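Chemist: Sharing a structure below in structure tokens format, with a few things to ask.
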Amino acid sequence: MVPSREALLGPGTTAIRCPKKLQNQNYKGHGLSKGKEREQRASIRFKTTLMNTLMDVLRHRPGWVEVKDEGEWDFYWCDVSWLRENFDHTYMDEHVRISHFRNHYELTRKNYMVKNLKRFRKQLEREAGKLEAAKCDFFPKTFEMPCEYHLFVEEFRKNPGITWIMKPVARSQGKGIFLFRRLKDIVDWRKDTRSSDDQKDDIPVENYVAQRYIENPYLIGGRKFDLRVYVLVMSVFAECLLWSGHRRQDVHLTNVAVQKTSPDYHPKKGCKWTLQRFRQYLASKHGPEAVETLFRDIDNIFVKSLQSVQKVIISDKHCFELYGYDILIDQDLKPWLLEVNASPSLTASSQEDYELKTCLLEDTLHVVDMEARLTGREKRVGGFDLMWNDGPVSREEGAPDLSGMGNFVTNTHLGCVNDRKKQLRQLFCSLQVQKKASS
């Protein structure tokens with residue numbers, strides 16, 4: 001399955017046109033024959049099992065009608081369990097769109113993500129040299145457990161005293177994670193997994209990754225945080241939120257699902273910043289050049305991670321995907337990729353969060369373009385910017401420099417001022433004029 005030809009990164013974000021195997025060859029075809037076909041339908045039939053902000057956005061979209069049970073649908077925002085059980089034997093007409101790629105887990109399972117990134121780094125070193133391969137050095141040293149246990153022990157003994165973190169490869173929201181510094185802790189864990197496997201031969205041992213813990217995270221007010229950036233494959237969500245740890249440095253897991261278990265958790269108090277606020281804060285502390293370098297490095301994470309799976313993602317024109325990238329910044333302003341989520345939470349934790357996710361989802365639907373209004377030549381749709389088209393995309397000549405930094409030519413606006421409503425009005429008015437002129 002192929003993500004759409006345009007890997008777009010969300011409001012306040014950047015867009016990526018995916019590498020070849022991740023292209024939707026029919027993206028540009030949304031305009032003519034498909035458009036006429038869709039205009040003949042009275043409505044777009046949608047289905048979803050997610051009762052959150054997404055449902056509100058879908059129900060309020062003009063011309064969209066909800067279908068339930070096994071009724072025919074044109075657009076299905078499904079969960080990954082449905083995909084796993086039904087995708088291979090579900091017939092879909094050409095116009096139908098579904099919200100996941102068949103093997104999205106090549107990027108979203110922690111062990112597969114690391115495996116693909118390591119393989120891609122070696123490929124770059126062979127084909128383009130060490131300098132280019134070094135652009136993949138954005139994930140901590142990681143080992144899959146238990147199959148790489150002996151390699152891990154060798155690395156552990158080379159660097160005594162550092163902290164490691166163990167994560168289940170297929171779980172989310174901070175479940176099953178623990179920190180350790182002693183080899184005895186991992187030996188005990190290994191014994192536990194072996195004994196449970198001996199007792200139940202039909203249940204496989206749950207795989208983990210052992211990952212070097214980032215011990216010098218950037219702190220704001222003494223608090224650790226990570227960034228959640230939404231990436232639509234097809235742009236980077238610019239008004240994405242900065243997930244701030246709710247306690248001081250003793251809170252190691254900055255996942256909002258974990259923060260909600262804190263006794264003093266309050267959804268309206270300082271748990272999240274917008275990325276725009278974060279960027280302004282960093283610029284005041286470190287200057288615009290350092291901040292531009294940081295955000296350029298974050299853009300590199302999106303591009304290289306998608307390129308790492310271009311040979312393994314199954315291409316399908318029916319599919320798109322909204323990924324949630326979790327990124328940690330260290331004290332040297334270096335970004336680290338922690339994980340990629342196939343089902344980022346679309347449930348709002350506050351009114352501000354609800355408004356942000358509403359904009360994110362509305363723009364996602366604009367880019368997926370079930371209504372066939374786009375031409376396929378757009379570089380920006382609402383909060384989404386086209387960032388990659390078999391190579392980096394430059395800003396249009398005469399476009400304002402929203403970063404305020406000058407000489408910023410890449411078509412990316414992560415954390416910049418984002419008047420998406422004005423942009424959408426201008427875009428759809430222009431498309432309407434073009435349509436009338438051609439009819």
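Including glycine, each Cβ sits where the backbone N, Cα and C put it.
This is the feature table in Swiss-Prot:
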BINDING   Lys167, Gln173, Gly174, Gln211, Arg212, Tyr213, Ile214, Lys224, Phe225, Asp226, Thr254, Asn255  ATP binding site
BINDING   Arg248, Lys272, Lys357  L-glutamate binding site
BINDING   Glu339, Asn341  Mg(2+) 2 binding site
DOMAIN    40-380  domain 'TTL'
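Can you walk me through where each of these features ends up in the structure?
Modeler: Following the DSSP three-state reduction, the secondary structure of Arg212 (ATP binding site) is strand. Here Arg212 (ATP binding site) comes close to Pro140, Lys141, Thr142, Ile162, Thr163, Trp164, Ile165: these same-chain residues lie at least six apart in sequence, with C-beta atoms under 8 angstroms from its C-beta.
Taking the Cβ of Lys272 (L-glutamate binding site) as centre and 10 Å as the limit, one finds 24 other Cβ atoms among all the protein chains shown.
A strand conformation is recorded for Glu339 (Mg(2+) 2 binding site) in the three-state DSSP classification. Just so you know, the Cβ of Glu339 (Mg(2+) 2 binding site) picks up 22 other Cβ atoms within 10 Å once every protein chain is counted.
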Chemist: Using all protein chains in view, find how many other C-beta atoms are within 10 Å of the C-beta of Lys357 (L-glutamate binding site).
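Modeler: Its Cβ has 25 other Cβ atoms within 10 Å.
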Chemist: With Cβ-Cβ distance below 8 Å and at least 6 positions apart along the chain, what are the contacts of Ile214 (ATP binding site)? List them in sequence order.
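Modeler: For Ile214 (ATP binding site), the qualifying residues are Pro140, Leu328, Asp330, Trp336.
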Chemist: So what pLDDT does the domain 'TTL' (40-380) average out to?
Modeler: 84
Chemist: Relative to the Cα of Glu339 (Mg(2+) 2 binding site), which of the binding-site residues Phe225, Lys272, Lys357 has the closest Cα?
Modeler: Phe225
Chemist: Would you mind reading off the Cα separation of Lys272 (L-glutamate binding site) from Phe225 (ATP binding site), to the nearest angstrom?
Modeler: 9
Chemist: Just the number: how many Å between the Cα atoms of Phe225 (ATP binding site) and Asn341 (Mg(2+) 2 binding site)?
Modeler: 17
Chemist: Distance check, please: Cα of Asn341 (Mg(2+) 2 binding site) against Cα of Lys167 (ATP binding site), rounded to an integer number of angstrom.
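Modeler: With the alpha carbons as reference points, the distance is 14 Å.
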